[in-house]
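Colleague: Sending over a structure as structure tokens; questions will come in a sec.
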Amino acid sequence: MSTTVEKIKAVEDEMARTQKNKATSFHLGQLKAKLAKLRRELLTSSQASSGGAGIGFDVARTGVASVGFVGFPSVGKSTLLSKLTGTESEVAEYEFTTLVTVPGVIRYKGAKIQMLDLPGIIDGAKDGRGRGKQVIAVARTCNMLFIVLDVNKPLHHKQIIEKELEGVGIRLNKTPPDILIKKKEKGGISITNTVPLTHLDNDGIRAVMSEYRINSAELAFRCDATVDDLIDVLEASTRRYMPAIYVLNKVDALSIEELELLYRIPNAVPISSGKEWNLDDLLQLMWDRLNLVRVYTKPKGQMPDFSDPIVLRSDRCSVRDFCNQIHKSLVDDFRNALVYGSSVKHQPQYVGLSHILEDEDVVTILKK
């Protein structure tokens with residue numbers, strides 16, 4: 001009986017052998033769907049057998065968001081963690097110095113953000129090589145990833161890490177595809193699209209749906225989707241969309257001309273963690289991508305407290321979330337809130353629990 005990893009290898013080999021043309025689109029669609037299902041099987045089985053991330057990998061979460069450092073061994077992740085957070089992670093010139101997850105905390109613009117130095121991953125990590133499954137399991141739980149790359153090593157390391165993360169359902173700097181799937185009892189597959197589909201044809205769509213044993217459904221495409229996008233929607237429970245920054249480390253060894261080329265790479269920040277160059281730019285981009293919302297409290301009849309904001313996630317930043325962050329009992333005693341800032345038309349304005357707050361709003365809670 002072949003293992004899941006062997007089955008994945010067999011499917012990948014068959015895909016590599018198959019020519020890509022209109023006649024093979026049905027077959028390729030089926031193979032891609034089969035591959036996605038096998039990867040899901042591998043992911044869920046590893047989580048079930050290890051009971052989580054595993055000893056030395058699971059860490060207590062603190063702060064409003066977490067940032068995971070992912071990269072090959074000896075690219076400077078531990079040095080970067082110690083420079084940003086003051087946490088001492090073992091640093092040496094040899095590879096695989098960090099063998100467990102090392103947490104640190106940075107306070108930036110009033111927000112406590114946890115940073116996790118993960119052990120170096122290697123090619124084949126998604127299939128379990130080099131304790132890769134545990135490393136990637138922790139990476140999946142983060143709110144953002146720093147992909148740390150050594151600029152003195154080949155740039156194809158970037159593609160290898162992206163491939164490893166893609167293989168376990170992590171989608172970097174992407175949004176979920178705008179595809180609606182509504183299953184039906186009967187009537188077959190009906191397909192509608194509001195934009196031309198240049199990467200997909202009906203054969204490819206039907207191949208994927210048949211592999212998932214969906215024979216009757218309405219599909220509405222609102223984007224120029226690929227086969228992979230359709231599979232991502234069908235595998236939504238195992239997909240994780242998160243922002244990532246490519247941290248191009250050790251630039252102190254480069255010339256000005258080489259450095260200018262690095263600035264053209266999207267979502268990237270050139271730094272030198274050893275010399276502490278450009279760490280401010282890195283933290284500013286991290287802040288922008290995390291999309292956090294700072295809200296200041298103003299007790300009735302007093303000046304606002306600008307020294308210690310309540311920091312909320314952008315997807316959970318209503319007045320109710322704000323109250324719960326201070327104390328659960330506030331919601332029960334809540335009458336209304338007085339808000340100053342960009343989220344209201346009038347300064348100040350009375351709002352209810354469902355009002356969505358924006359960055360640097362000032363709030364007074366009025367009790368019953």
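Backbone N, Cα and C define each Cβ position, glycine as well.
Found this in TrEMBL, in case it helps:
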type   : residues : note
COILED : 1-48     : coiled coil
DOMAIN : 65-291   : domain 'OBG-type G'
DOMAIN : 291-367  : domain 'TGS'
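Distances, neighbours, how buried they are, the whole picture for these features please.
Modeller: Looking just at the domain 'OBG-type G' (65-291), the mean pLDDT is 88.
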Colleague: By DSSP, how many residues in the domain 'TGS' (291-367) are helix, how many strand, and how many coil?
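Modeller: In the domain 'TGS' (291-367), the DSSP-based counts are 13 helix, 34 strand, 30 coil.
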